[in-house]
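First the structure, in the form of structure tokens, and then the observations on it.
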Amino acid sequence: DCFKAFYVHKFRAMLGKNRLIFPGEKVLLAWSGGPSSSSMVWQVLEGLSQDSAKRLRFVPGVIFVDEGAAFGKSLEERSKTLAEVKPILQATGLPWHVVALEEVFSLPPSVLRCSAQEPAGSEGAYKAAVDSFLQQQHVLGAGGGPGPTQGKEQPPQPRLDPQSLARPPAAAQTEALSQLFCSVRTLTAKEELLQTLRTHLILHMARAHGYSKVMTGDSCTRLAIKLMTNLALGRGAFLAWDTGFSDERHGDVVVVRPMRDHTLKEVAFYNRLFSVPSVFTPAVDTKAPEKASIHRLMEAFILRLQTQFPSTVSTVYRTSEKLVKAPRDGPAASDSSPCCLLCMCALDVDAADSATAFGAQTSSRLSQMQSPTPLTETRTPLGPCCSPGVGRVQGCGQGACRREDPQACIEEQLCYSCRVNMKDLPSLDLLPPYMLAEAQLRTQRAWVLQEIQDCLIEDSDDEAGQS
Amino acid sequence: MPAPPCASCHASRAALRRPRSGQALCGACFCAAFEAEVLHTVLAGRLLPPGAVVAVGASGGKDSTVLAHVLRALTPRLGISLQLVAVDEGIGGYRDAALAAVRRQAARWELPLTVVAYEDLFGGWTMDAVARSTAGSGRSRSCCTFCGVLRRRALEEGARRVGATHIVTGHNADDMAETVLMNFLRGDAGRLARGGGLGSPGEGGALPRCRPLQFASQKEVVLYAHFRRLDYFSEECVYAPEAFRGHARDLLKRLEAARPSAVLDLVHSAERLALAPAARPPRPGACSRCGALASRALCQACALLDGLNRGRPRLAIGKGRRGW
């Protein structure tokens, strides 16, 4: 009992402390079938059914992504998993969606664009929203019993999502997806790609059905591992977004992690004691040896270190709380700074020849093209015309060059770690069409922007010009 | 199967493959490329202005040997002059052998050498004595904590004695990567905020320090030493097995096996960390006892020595319980 109270309190406190979820808001719960997300869904269900003072006040829906095609599961195995998944989803009583990962091939390029951000709600705005909501409830007759009262105010959600369930995914898409994943050379890059595609898919579903928040069930242990893994992948600049409570890089849809405070052990105990239903779905790295990918290595390392130094996970977690989402050049540049094509974070690469780790890697590539004299000057970049730059396609003035080297043009639009991942992909043509289309569009926009640069009026720094 | 021709001079047979790029190069071209990259790091980061007197922290090991050699080759280009400063921590069976190597190198390169000993600087405390003093405390000895802090003080002192304007150390990319991993695992937000750049610019009267080998991986340093036939001391410190860094080093080795660019990816991550202002260390002032750079009333070296002298060696290690 005490354990349950403590567990539930942690969950509610995490939501309440951050005050990001407004009453009446539609929230999509990303359920993978695993213990943490199952526990999260269970918590939400319990929270919805409590008496009105402490009831959770948002409108949830559940989504399950079927990733079987990414690692070669046959259709029978996938339908078997789906058969296990469906009863659990139906038992939740919430609107649920099942999507297959193949649907990434029919996503529109708009998924990759950061929509306009809503102004961040201040403390006052949250309180005002809660007050007005309570008033509304009161007016509508607060005598309404427990249950999804919000459902009465909106047009009834379809309990079933006929599109994504009735029709199995097109065989061509399945084939394309498995081809894409088979062509990736390392397990590390596969896992990263899978995560990216899954995020985009969930994002798209959330936007399509009007959800403004997505909740994922990452637990404390998983987040500590994720933090260290991302450090090793070169994502040091984005740690706050990847492992913090809220992740607003997509603009209109915010990803929230309410299980951040719960360790895997607690989740396991809770699920066992209170029989929380969960489904085991094999992932791309199930039964992979420890050395297979950076994710596996980090996981094994941290769990092993944890046995020797029991405070490891909590130390890493506390350190992650000290990270901030600092834009590099200050708030003024946030609107115009280019975002990575895949992970949608602000690009973190400098000019090619600077004295940074990135600079060291690019300049060593260029040095192979010159005859070595021991004490040469700092080299003039010879390299391909599309020299890596911060999104601005400097050398790409000529349209012909652009078409010759599409790989480099896509690479320029990626952040450091996405670039490293893409190196493991022999051919970028196998990527889903929405990525290629968006990359093409951005390249064209940048080229056009450069052409008309002289005519554009921009905000000048000095205030004197503006009366 | 005969070796392929060198990728840059196309004349001689390739003798090695660069670990990072897999490029096949002959010995001379590789050494030239290595030197060019170090030069690039120094110039692009504006680390050593012309006319600087540079104190090289020489331990006799491969990193400082390679550093001294490369810098010596680059001195006409950069317009600097070099001084070797070696620190004698008083670790029997290890440091004396290393110092012999340093003396040989100084003689061969004709560079002035200054040796600074812990015994003289820190009131008779050698590392062996420190280890004995902290041995009985039940927990691990944390020798590296003492050694690291005291060595930096000793280096600074040695550099001042020879009139240097900059201090360079031979930290390579692997060291930087291990450091950032270690700092995260131990939750050391202060060090995370401070590290990751190109060295410190020298605030509050301390000499500016930098690490020209920062972007060279350890394998390349070893390869360079091999091809230039440098004589260095290659054994591990006697106290190394107890260090926490060993875990980070082990992890780094595995990461590198899984993905060769992992080392530089970590260095890149370290450069871009954004920590909350509250977590950053306060602006440093001066130590009340010795006048060196300190972020609290006493600099860490004085605090550690204080603890040793009072017979309470763990006094300054970890967070102070009484909020000092």
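Backbone N, Cα and C define each Cβ position, glycine as well.
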Q: May I ask you to find which of B:VAL87, B:VAL116, B:VAL130 TrEMBL records for the ATP site already listed with B:GLY57, B:ALA58, B:SER59, B:ASP63, B:GLY170, B:ASP175?
A: B:VAL87
Q. Of all the binding-site residues given, B:ALA58, B:VAL87, which residue's CB has the most CB neighbours within 10 A?
A. B:ALA58
Q. The record names B:GLY57, B:ALA58, B:SER59, B:ASP63, B:VAL87, B:GLY170, B:ASP175 as the residues that bind ATP; what is their largest Cα to Cα distance in Å?
A. 19
Q | For B:ASP63 (ATP binding site), nearby residues of its own chain (Cβ under 8 Å, 6 or more apart in sequence) | A | B:GLY170, B:HIS171, B:ASN172, B:ASP175, B:LEU213, B:VAL221
(Q) Looking only at the domain 'Cytoplasmic tRNA 2-thiolation protein 1 C-terminal' (B:285-315), what is the model's average confidence as pLDDT? (A) 75
(Q) With DSSP assignments reduced to helix, strand and coil, which class does B:ALA58 (ATP binding site) get? (A) coil
Q. What is the number of residues in the domain 'Cytoplasmic tRNA 2-thiolation protein 1 C-terminal' (B:285-315) that are helix, strand and coil, as DSSP sees it?
A. 10 helix, 4 strand, 17 coil
